[in-house]
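Below is one structure; the comments refer to it alone.
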Amino acid sequence: MNSTHHHGMYTSLHLWNRSSYGLHGNASESLGKGHPDGGCYEQLFVSPEVFVTLGVISLLENILVIVAIAKNKNLHSPMYFFICSLAVADMLVSVSNGSETIVITLLNSTDTDAQSFTVNIDNVIDSVICSSLLASICSLLSIAVDRYFTIFYALQYHNIMTVRRVGIIISCIWAACTVSGVLFIIYSDSSAVIICLISMFFTMLVLMASLYVHMFLMARLHIKRIAVLPGTGTIRQGTNMKGAITLTILIGVFVVCWAPFFLHLLFYISCPQNPYCVCFMSHFNLYLILIMCNAVIDPLIYALRSQELRKTFKEIICFYPLGGICELSSRY
């Protein structure tokens, strides 16, 4: 998917010159065709080391999230299980991008006989990236639905969202997204695939917006109703609203990091020859960096918004001989 040294997903989707594969110069030539002055039309170069570094950071951070949720029984709740699914998706997107950079860099030094093998490897990695993107969208939507149930069906929530049902939902999400991701790459010759991806992204945004408008408009009313009941209803609802706010932040970061990529696809479909659209598309590598940054930022959001998760992070880190870090973290 990284087009610094190859066209990645766009080779599969035929967004760049179909006859060229693997070199940054070819990408620039494809974009700059008909624009001899180059400039904005030249493909923005990003060092492969940047992709690899972000991939490694994302891998370590998201593994920490997954291990923390598995380790701490207090985090064995539907919301955190969905967060775990989101962490896996983020990790796969970022690591696949970094891995693809390494593979293509190595294969570019070989002769043309390895080109077909390069394409096959690239298609496999792109399938993983596409599947993980769909899983990210579905995981975010699942977290939103979970927050909706905690706020509006607080008394019946534990009967509705059981661990078994959550496991089935997550399994179905990944099974469906894996099949869809593979099919999207196999049939990527058709523009309908790109339109489908764009439609799914914007449909998700509309669903999220609708859910949140209803959720936050009615939240105060339900908090007042729960408050009159015996027990700690107010505290519970406050916690639920905190979870909803956390999800709002996650969705905001997701939109900021992924929107340029989908705008890129939209411009390719709607105005591939327009100078402004071509100029926007020439920054494709920057949009890939933003996507990888999403996978790096999400674990930081989890840590900042959840004291329990923060505490578990410290316990895991302190398990290793990192006394200096533990001593520093104990002050906060």
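A Cβ is built for glycine as well, from the same backbone N, Cα and C atoms used for every other residue.
Judged by membrane topology as recorded in Swiss-Prot, TYR80 shares a side of the membrane with THR312.
Per Swiss-Prot, the cysteine from CYS271, CYS279 that shares a disulfide bond with CYS277 is CYS271. A contact between the transmembrane segment (124-145) and the transmembrane segment (281-304) is absent, since fewer than 3 of their C-beta pairs, 6 or more residues apart, lie under 8 Å.
By the Cβ criterion (under 8 Å, sequence separation of 6 or more), the transmembrane segment (44-69) is not in contact with the transmembrane segment (192-215), since fewer than 3 such pairs are found. GLU100 (Ca(2+) binding site) falls within a helical segment according to DSSP. Taking CA atoms as the reference points, GLU100 (Ca(2+) binding site) and CYS318 (S-palmitoyl cysteine) are 33 Å apart. For the transmembrane segment (192-215), the partner stretch with the most Cβ pairs below 8 Å, chosen from 166-186, 249-271, 281-304, is 249-271. Reported as a whole number, the C-alpha separation between ASP122 (Ca(2+) binding site) and CYS318 (S-palmitoyl cysteine) equals 39 Å.
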